[in-house]
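Comments concern the structure below.
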Amino acid sequence: MRIVSGIQPTGKLHLGNYLGAIRNWVRMQDENAAAGGETLFFLADLHSLSDHIPAETRREGVREMAAALIAAGVDPARAILFNQARVPAHAELCWLLNGTARMGWLNRMTQWKDKAGKNREGASVALFDYPVLQAADVLVYQATHVPVGEDQKQHLELARDIATKFNTDFGVELFPLPDPIIPPAAARIMSLRDGSAKMSKSDPSDMARINLADDDDLIAQKIKKAKTDPEPLPGEAAGLEARPEARNLVGIYAALADQSVDQVLARFAGQGFGAFKPALAELLVETLRPIRDRFVALKDDHDAIDRVLMAGAERAAALAAPTLDAAYRALGLFR
Ligand code: TYM
């Protein structure tokens, strides 16, 4: 298996990232190391150019997110951890794939439509081309498995389309089609304030998300204030269908406890949120406390973090080189 995934280094690592992706990264990294495969995780700092961010914020974001990932269990001895900007092969392959990707495909991407909104003329080219860079991120390593949350599924389907068209147009079998690995529960954790919006780094309200570095009191307070409804919990999952906020909280509990939603409901059926919320807060605090402690101990050791990222970049660049060479050759480009 060749496992590859990335995360934007802007904003804080939150519960949606953790349950939707990072926990799976850690599990897959361990299995893949035992099986002798390579695993690569990176900070998508080049992707962050699609937003206007001051340089210093970007620099801090990369180091802070690297520390958070290590704290959450990403192990540089088992997975190659690096930032994208240190491995030029990502940007190079993106440019090569720009010849294959179609405007119509990119126009259909929901992230583009949501973020550009009505202001398409004023949106950056980087925002439009974002999914092609993401395709390059995985294809440059000939990734077979890409652990992500539900919201990245469309981008990965695009990566498969680009890979298929490139292979066909140039008569090569260069890019295997990467499989998205999406967790069965927790693929889409929603905002604590609005059950129809996903939990996100960019939500202006910090009360809408649980950050992995939040302290115990803040976590308890956020869960206490989370939006719910006055009904007691039902006996099975079907009873949550029209109750997005309740479904989200029960889903979070289930993911944390590694249980099914029905198992959680079997325990809390008939009880209201006055009973459920404290149990959820306790489970969250127990899960996140060790991650936060490791994060606090590591985050200011810039030298140690930079060493990890530089060593990772060197290994990643070596893995990318043959695929990038083959892509140049397939296109008839002299280097
Ligand atoms: P990003 O930085 O938004 O999120 C990182 C990972 O966390 C998952 N995630 C969630 N999962 C469940 N519920 C949520 N509320 C939630 N919010 C985020 C995301 O699905 C993702 O797996 N474009 C990507 C970064 C990227 C990438 C790649 C990923 C760049 N290149 C190549 C995979 C492969 C992004 O912005 O993720």
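Backbone N, Cα and C define each Cβ position, glycine as well.
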Identity of the ATP-site residue among Ile162, Ile189 (reference: Gln8, Pro9, Thr10, Gly16, Asn17, Gly149, Glu150, Asp151, Lys198, Met199, Ser200, Lys201, Ser202, source: TrEMBL): Ile189
When you measure from the Cβ of Lys201 (ATP binding site), how many other Cβ atoms are you left with inside 10 Å? 18
Alpha-carbon distance [Asp137 (L-tryptophan binding site); Met199 (ATP binding site)] in Å: 24
Using Cα coordinates, what distance in whole Å links Glu150 (ATP binding site) and Asp137 (L-tryptophan binding site)? 18
Distant-in-sequence Cβ neighbours of Gln8 (ATP binding site), under 8 Å, six or more positions away: Leu43, Ala44, His47, Ser48, Lys201
Would you work out the biggest C-alpha to C-alpha distance among Gln8, Pro9, Thr10, Gly16, Asn17, Gly149, Glu150, Asp151, Ile189, Lys198, Met199, Ser200, Lys201, Ser202, the residues that bind ATP according to the record, and give it in angstrom as a whole number? 20
